[in-house]
Amino acid sequence: MTDRRNLTTNQGVPIGDNQNSMTAGLKGPTLLEDYVLIEKLAHFDRERVPERVVHARGAGAHGKFVTKKSMKKYTKAQFLQEEGTETEVFARFSTVIHGQHSPETLRDPRGFSVKFYTEEGNYDFVGNNLPVFFIRDAIKFPDVIHSLKPDPRTNIQDGNRYWDFFSLTPEATTMITYLFSDEGTPASYREIRGSSVHAFKWINEEGKTVYVKLRWVPKAGIVNLSTDQAAQIQAKEFNHASRDLYEAIENGDYPEWDLYVQVLDPKDLDNYDFNPLDATKDWFEDVFPYEHVGTMTLNRNPDNIFAETESVGFNPGVLVPGMLPSEDRVLQGRLFSYSDTQRHRVGPNYLQLPINSPKTPVDNNQRDGQMPFKQQTSSINYEPNSYDTEPKENPAYIEPEQEIRGDISGRLVAEKPNNFGHAKEVWKRYSDAERAALVKNIVDDWEGVREDIKIRNLRNFYQVEPEFAERVAAGTGINLAEHVIDLK
């Protein structure tokens, strides 16, 4: 027989009655001196933190990553040096635009983030299922998200808003061809691919730098829903993707993804009709071959969703030695924004939470702030200092010097915008069924959208491929010919 556990306050004091408040007699008011009541209500009032401004709706799981092929010729990152190296990971999948309890059937990119707890500290992979993004410069990030979020006056998402933005942002066209395919409504988190979206730099022991993009390929295959299938699921279930992931892991059907790397030598950066460091551009596999890196297996569900899935924080700038960010303009903005939002949302010491803490020692002079529950104790909280017992900088970890491309500063327009070339490639690579789904999904989404906005988008589609625009126009009853005379 086990000892009976006492219900207690947060001060550890046993509670004798958790059913009735203290009152002044049977019919009198509740007493302010009822510490149990006040503590319980006050804590309940503060149970939630601000939800993520994007990627609020998510599901996570623990697992492992096993390196299957040494990457030492590209990077000196320790966890990628030897075949068979195992690294603990936590992965979080998410929808992007809508709130924490929104349906998982909605058309939306899916976030695909993985925290690697490596022997050199944490490494964050922060990507999406779709390989490109809407914009090429972080200065437009608040605007694209505002356009996709609900109207601040009605609190209802309005196609007039985001299609207006898309029509005036031709660089978004490639993302549209992915998002409005059936890949914009995945069947489950277990059956989505993942992409770094941005290029990064890998540096090996000799100091040689290459640009890379990373891709996750699900062993279960990529499975999507049609708009009609998504609607049928949504009528019955808001949580189908979270439920599927949780139940698969509980039943021992552990989802797996293979990680691949694509490599670009910096000397070849200018050999294309687009900028490979532009987040609106894909690196197609037949041009940039995939090389297998390793396999991720998710094998344990969180014990506490709030403490783990909700409190985990990612930043694409959290890199280990042998990795650096590229000059991608969207990535450069994310390097600041992602940790900044976690400090606002969770608190300045969010990295001390177990889900965010590295497995390696943390030894520095960053102290105090709200809730510093892993406070360092040395009286020497400055550097440099003359004490041999204190942590010292290690020149072996100085980032290697990198060539800077450019000799002037200013608000310069990106080179080689090529806004429609990659969308054309995507259209060409789609099957007849995929093209039909893309057209149908756009036509359906345009219900209630102003005609002038539709026409501007059709002009963009026409510059991708006339057939693309013609089929969308036919579905909406617009006479395309009179609106594209100047484009012929």
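Just so you know, the numbers here start at 1 and follow the chain as drawn.
Cβ from N, Cα, C; glycine included.
Residues or ranges marked as region 'Disordered' in Swiss-Prot: 1-24. Annotated compositional bias 'Polar residues' per Swiss-Prot: 7-23, in sequence order. Annotation comment: Swiss-Prot describes His55, Asn128 as active site. The annotation heme binding site is assigned in Swiss-Prot to Tyr338 on the grounds of similarity to another entry.
Features per Swiss-Prot, on structure.
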residue: His55; record: active site; CB count, 10 Å: 23
residue: Asn128; record: active site; CB count, 10 Å: 24
residue: Tyr338; record: heme binding site; CB count, 10 Å: 18
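In this structure, the CA atom of Tyr338 (heme binding site) is 11 Å away from the CA atom of His55 (active site). Under DSSP, the residues of the region 'Disordered' (1-24) split into helix, strand and coil as follows: 0 helix, 3 strand, 21 coil. Under 8 Å from some Cβ of the region 'Disordered' (1-24) lie the Cβ atoms of residues 30-31, 33-37, 39, 43, all in the same chain and six or more residues away from its ends. Secondary structure from DSSP puts His55 (active site) in coil. For the pair formed by Asn128 (active site) and His55 (active site), distance between Cα atoms is given as 10 Å, rounded to the nearest Å.
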